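Beneath this line is the structure, given in structure tokens, with notes to follow.
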Protein chains: 4
Amino acid sequence: MSLTEEEQTALVTSDDPHHPANLICELCRNFYTLGWVTGTGGGISIRKEEHIYIAPSGVQKERLEPHNMFILSYPSLDYLRRPINLKPSACTPLFLAAYDKGAGACIHTHSQWAVLVTLINKGKKSFKIANTEMIKGIPCPSTGKYYGYHDTLEIPIIENTAHEEDLRDSLAQAIKDYPDTSAVLVRRHGVYVWGDTVWKAKTQAECYDYLFQLAVEMTKLGLDPAGPIDPVEE
Amino acid sequence: MSLTEEEQTALVTSDDPHHPANLICELCRNFYTLGWVTGTGGGISIRKEEHIYIAPSGVQKERLEPHNMFILSYPSLDYLRRPINLKPSACTPLFLAAYDKGAGACIHTHSQWAVLVTLINKGKKSFKIANTEMIKGIPCPSTGKYYGYHDTLEIPIIENTAHEEDLRDSLAQAIKDYPDTSAVLVRRHGVYVWGDTVWKAKTQAECYDYLFQLAVEMTKLGLDPAGPIDPVEE
Amino acid sequence: MSLTEEEQTALVTSDDPHHPANLICELCRNFYTLGWVTGTGGGISIRKEEHIYIAPSGVQKERLEPHNMFILSYPSLDYLRRPINLKPSACTPLFLAAYDKGAGACIHTHSQWAVLVTLINKGKKSFKIANTEMIKGIPCPSTGKYYGYHDTLEIPIIENTAHEEDLRDSLAQAIKDYPDTSAVLVRRHGVYVWGDTVWKAKTQAECYDYLFQLAVEMTKLGLDPAGPIDPVEE
Amino acid sequence: MSLTEEEQTALVTSDDPHHPANLICELCRNFYTLGWVTGTGGGISIRKEEHIYIAPSGVQKERLEPHNMFILSYPSLDYLRRPINLKPSACTPLFLAAYDKGAGACIHTHSQWAVLVTLINKGKKSFKIANTEMIKGIPCPSTGKYYGYHDTLEIPIIENTAHEEDLRDSLAQAIKDYPDTSAVLVRRHGVYVWGDTVWKAKTQAECYDYLFQLAVEMTKLGLDPAGPIDPVEE
């Protein structure tokens with residue numbers, strides 16, 4: 001049963017800055033300054049109980065308004081709200097793959113650091129980094145604990161497809177094959193990051209992006225991101 | 001027949017933030033933070049029906065005011081408004097070359113990524129990049145469709161001239177020779193990007209700039225921006 | 001003797017933007033844009049007479065509110081205020097090591113420049129840079145004077161530990177071994193900077209970060225940050 | 001004859017955002033985001049008729065207030081205003097060297113691009129760049145005309161000294177030896193840029209910084225900033 005227009009409007013209207021419809025707009029402005037969603041790229045989705053809010057496709061992310069949001073019911077996946085003149089995000093099936101694993105929010109960026117990390121790891125099925133403090137900002141979904149400084153963080157890299165929605169199977173497979181990751185890199189494309197809440201997803205997306213950048217800069221300097229800690233000279 | 005001062009003022013006075021005179025000011029502030037229009041460089045023009053709005057020359061782009069705008073009638077090319085003490089943009093004939101191809105807006109940036117891409121492609125008549133997700137943000141004017149992930153995007157590079165207006169012929173020639181492009185790079189200078197609307201021009205300018213940056217960073221890392229996708233190790 | 005809730009609230013409530021509870025929030029927003037505290041990383045503490053204000057752990061630093069602050073009495077180290085649902089900063093014992101040396105504020109960043117400087121100095125116990133104007137922004141704690149242009153600035157690098165609080169001993173040792181430093185680098189982690197006042201700590205943190213960045217860029221260009229000034233060709 | 005406190009206050013109090021005391025504060029906030037005045041480094045001075053306004057030394061440039069300004073009478077060089085608790089800028093004699101050549105404003109930055117340009121030109125007495133569009137934003141003081149695209153821009157590099165005020169003689173000498181420049185680089189330190197008005201000085205400082213950055217990035221890519229334009233392949 002579809003909602004009346006008034007009911008739909010109520011779902012995206014709130015004075016609370018933490019309401020998903022408001023928060024998606026604010027975070028996208030933040031992400032734009034970080035270079036994550038330039039040129040309408042990237043996306044974000046937040047789940048609030050049985051409602052999944054998703055930013056639309058092909059829209060300048062830093063100029064979103066709350067009334068631009070799509071809303072899906074979960075788990076029935078009916079559209080409760082479909083703004084006219086806007087297209088639903090091609091990331092929708094990918095976000096759902098994360099929700100099916102219990103996520104509360106999912107962020108997709110086109111950050112150049114993410115893309116470059118997939119390029120310097122050419123032909124490889126994952127990216128690894130070790131012995132870095134910022135790894136401690138990343139939780140391991142299968143244990144519920146955060147990674148430690150000495151752990152090697154491994155993030156799967158899946159191959160990009162011509163159509164974004166066709167990534168769903170390989171993304172779901174990567175999530176299955178790598179139960180210890182909360183992110184999947186897409187070769188020559190970007191990264192998907194999810195978390196229990198929108199704040200955890202946002203924080204982890206920042207930690208991942210930091211690690212990607214560090215790995216690229218280390219590579220430029222001839223250093224191995226996954227290498228051991230060198231012994232200190234006496 | 002020229003307009004009265006009141007009629008001219010009316011053309012740059014609006015409460016609508018999307019009015020061309022307001023939007024040019026706002027976008028130039030955005031472009032300044034992106035490094036596209038530093039030192040009064042770069043420019044932007046928006047067509048609204050028979051009126052072409054153009055930011056003036058030699059003015060700090062991040063400090064533009066609506067009353068600084070030049071307005072040309074189109075296609076008669078009479079000046080409807082020429083602010084005293086300001087010079088018309090040297091880009092004017094170049095913007096017109098884009099309008100003659102049906103554009104709704106045109107953006108010229110001095111982005112260092114654009115300049116560097118023309119330098120790493122020294123002696124070459126075009127820049128190519130392939131197998132990158134952000135290519136999908138670029139439309140092909142001759143087909144009206146967006147490029148696909150596996151397509152090779154080719155952007156012509158024309159040689160710079162001592163005087164900006166002298167670029168007109170080679171820009172027009174490049175547009176003719178490369179009917180599939182919505183941008184032309186100018187060696188050691190920058191890039192011209194146009195689109196059906198100001199939002200499309202702005203979005204595409206971001207996509208191009210992203211691709212230029214990625215190509216430069218790939219080159220630093222010894223990777224070929226137009227190269228094939230490496231096979232994945234089993 | 002613990003404070004009443006009203007007394008606690010009074011300690012974080014002020015109209016003065018320079019009040020520690022307000023200033024920590026403002027500076028953290030500044031640090032976020034500098035990339036120093038991304039992903040909840042980093043931290044800051046300010047001492048105001050017998051009260052030490054400390055930003056909480058695991059919180060988005062650019063979104064802090066004054067009421068999020070922890071307050072310790074000094075030197076008794078009793079918690080005067082512990083916001084519920086928040087964790088005290090793991091940096092607390094490290095900040096205290098600086099306060100024990102007379103500091104008025106301490107800043108901890110995860111700046112990539114700091115991390116990269118520890119990586120290009122692999123196996124070494126310190127980072128050195130010489131003959132750079134910005135060295136003059138750094139004071140020498142043992143003499144009370146600022147460094148000169150021709151001085152070599154040496155900043156100790158301590159090895160990171162699995163748990164941040166375990167850095168305390170080596171940090172205290174480094175402060176003892178290097179009486180001329182107001183900063184300690186932590187390998188693959190970041191940097192601790194302290195100063196007589198919050199403004200001095202902030203200013204010095206900027207000078208250090210500038211020098212770290214310069215050293216990394218010099219290394220990319222094949223130049224030695226601690227090298228001599230080359231003679232000028234006649 | 002010294003001014004009364006009221007007369008002094010009047011010199012830094014204005015509702016006009018373009019008043020020197022206000023403009024210096026606004027531009028310094030802009031320069032801070034550009035990385036030009038981090039850690040209290042850099043400086044700026046504006047001449048308004050017989051009054052020279054100068055930002056103080058050792059103060060966070062992005063937090064300046066109009067009442068922090070020093071004012072010198074020109075050409076008598078008496079202090080009309082000396083804020084207590086603040087130190088006059090060590091750049092003062094250097095700014096005066098520019099005013100003696102007819103400048104209306106002078107900007108000093110510690111931009112890393114400026115410093116790196118002096119380092120990649122080690123042992124050389126000047127930095128050169130050619131065949132770059134942004135050169136056209138730079139005027140030649142001896143001719144009054146702007147440089148052309150095909151011109152080679154040459155900027156003298158003077159050696160840094162232990163004390164900033166000791167740069168005055170070599171700066172004055174460089175201005176004399178290079179009558180075609182409106183900027184002087186200081187090795188391992190930064191750059192001084194001056195112009196007929198504050199807007200010209202600011203615009204030129206942006207053009208110079210752009211050219212310095214481009215030269216550094218070209219060097220990283222193995223390209224010569226002063227090299228010829230490569231012939232285009234047929």
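Glycine residues also receive a Cβ, built from the backbone N, Cα and C atoms like all the rest.
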Same-site residue for Zn(2+) (record: TrEMBL; known: C:His108, C:His110; options: C:His51, C:His163, C:His189): C:His189
Against chain A, in sequence order - recorded positions C:Cys91, C:His108, C:His110, C:Glu133, C:His189 with Cβ under 8 Å: C:His110, C:His189
Site with most surrounding Cβ atoms, counting all protein chains shown within 10 Å, from the binding-site residues C:His108, C:His110: C:His108
Surrounding CB atoms that lie within 10 Å of the CB of C:Glu133 (active site, proton donor/acceptor), all protein chains: 19
Packing count at C:His189 (Zn(2+) binding site) (other Cβ atoms within 10 Å of its Cβ): 27
Whole-number mean of pLDDT values that fall within the domain 'Class II aldolase/adducin N-terminal' (C:22-216): 96
Chain D contacts among the recorded positions C:Cys91, C:His108, C:Glu133 (Cβ under 8 Å): C:Glu133
Pairwise CA distance, C:Glu133 (active site, proton donor/acceptor) versus C:His108 (Zn(2+) binding site), rounded so that it is a whole Å: 24
Cβ contacts of C:Cys91 (substrate binding site) (under 8 Å, same chain, 6 or more positions away): C:Gly43, C:Ser45, C:Ile54, C:Ser57, C:Cys106, C:His108, C:Glu164, C:Tyr192
DSSP-derived structure type at C:His110 (Zn(2+) binding site), helix or strand or else coil: coil
